[in-house]
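Below: the structure, in structure tokens.
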Amino acid sequence: VSTMNAKTSSEGEEDASGTRNDTLGESGYLGEAKRGQVIRVAYVIAALDLTFLFMQMGVMPYLAKSLGLDSMGFGYLQTIFGVLQLVGGYIFGRFADQFGARAALILSCASGSVFFLLMSLSTSIPLLFLSRLPGVFMHGIPGAQKVITDMTTPSQRAGALGKLGLCFGVAIIAGSALGGVLSTKLGIYVPTYVGLVGSLINTLIAMVWIPSQTKPKSDHCVTENSTLFSIREILRLMKFPGVMEVFIVKVFAGLPIGLFMIMFSIISMDFFGLEAVESGYLMSYFGVLQMVVQGLVVGKLASHCTEMTLLRLSVLVFAGVGLGMALMRTVWHYCIIAVPLVFAFSMLATITDSILTKAVPSSDTGAMLGICASVQPLTRTVGPTIGGVLYKQFGVSSFGYLQLMVNLGLFVYLLKSKVPLGEMKS
């Protein structure tokens, strides 16, 4: 203990409660300019990774149909990818903790290269299903989050993580547009070729520009159980003060809207009566909103308000969004609701990730980010079944009423319970 307390020159000082002072952060041994450069490189890698992913998402239904896969088979294909991402999220996070953020990003980009290579060779349905396997290690956003977490002080973290949403907005617009143009003009496999070359370039960028150590070696701790997947390790992380409470809010606050988004392709056709090109315009609108909210709003609020205040605000706005969704009748209503929806979704994701990475030891931030990254694949896995039942039995308004009730309950829970947000560091 005395040895750890003596390391104040590079790691920051700890007070009597074990909370690290917000002076140098985990990467205080690097210069400010160098850390800023590495963070910008992480943003570039994340933006490119998401762009290539959205390119293939737009092409995949047409590729599957051309190979003779029906709608039920396509659902199985999506479910397999969701399960692989769900299982791989935590494993990827543990890998990042044990081998470093640079190795994790290289693994993600290399897996993306294999993914696009197999897609480009998919001339039959079995090969198309085989191409999903590398998805278990394709986690570009958690990899970039790990780099940012290592490179920022706790007070800077929420704003820095929030800017990743800007990359998400750029990727939605660029990826959707490029995928449609390339597949229409040059052939259905061309976006996969572009994704393959781009993922290889991304791998080289990570190898050259991300340092092998993104935090001091003294912060790299090997836990008693060093396996890449362990239920015991997940339970250990959940026992840290505030982790279980915040994680429950993260999962349930966005679950109803996640179910709605999974069913959105059907809702846009049946309920809103949109054509394919109009749905594309709506996705681009979402991308622009994401860029504006993440680039101009989240970071500003994070620097002026406490994280608990912002967490309560996002849940309350989500409840209002639920009421709006229950009452909406046209696509124009949805375009209005999309503004607070994107705000609440972005704020909730950023603030909960920031809180949870501060609540666990620095040697476990990768595992915690991996657990957080598994929330969306979990929704994609169970969502088609639950969302289909809700839509068929109760209609579109059921998603809104569910959103309203769940988030009102969470808001009351956050008001009454004193969630400890003290920063626990090893």
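Placement of Cβ uses the backbone N, Cα and C atoms for every residue, glycine included.
Record features (TrEMBL):
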type     : residues : note
REGION   : 1-24     : region 'Disordered'
DOMAIN   : 35-421   : domain 'Major facilitator superfamily (MFS) profile'
TRANSMEM : 41-63    : transmembrane segment
TRANSMEM : 75-93    : transmembrane segment
TRANSMEM : 105-129  : transmembrane segment
TRANSMEM : 160-181  : transmembrane segment
TRANSMEM : 188-210  : transmembrane segment
TRANSMEM : 247-267  : transmembrane segment
TRANSMEM : 279-297  : transmembrane segment
TRANSMEM : 309-327  : transmembrane segment
TRANSMEM : 334-352  : transmembrane segment
TRANSMEM : 394-415  : transmembrane segment
Which of 75-93, 160-181, 279-297, 394-415 contacts the transmembrane segment (247-267) most, counting Cβ pairs under 8 Å: 394-415
Distant-in-sequence neighbours of the transmembrane segment (160-181), which means Cβ under 8 A and at least six residues beyond its ends: 39, 43, 46-47, 49-59, 141, 144-145, 148-149, 151-152, 191, 194, 280, 283-284, 286-295, 298-299, 302, 346, 349-350, 353-354
Interface-richest range of 75-93, 188-210, 279-297, 309-327, 394-415 toward the transmembrane segment (334-352), CB pairs under 8 Å: 309-327
Stretch with greatest number of CB pairs under 8 Å, the transmembrane segment (394-415) reference, 41-63, 105-129, 309-327 candidates: 309-327
Cβ contacts under 8 Å made by the transmembrane segment (279-297) with residues that lie 6+ beyond its boundaries: 162-166, 168-173, 176-177, 180, 265, 268-269, 331, 335, 338-339, 342-343, 346, 350
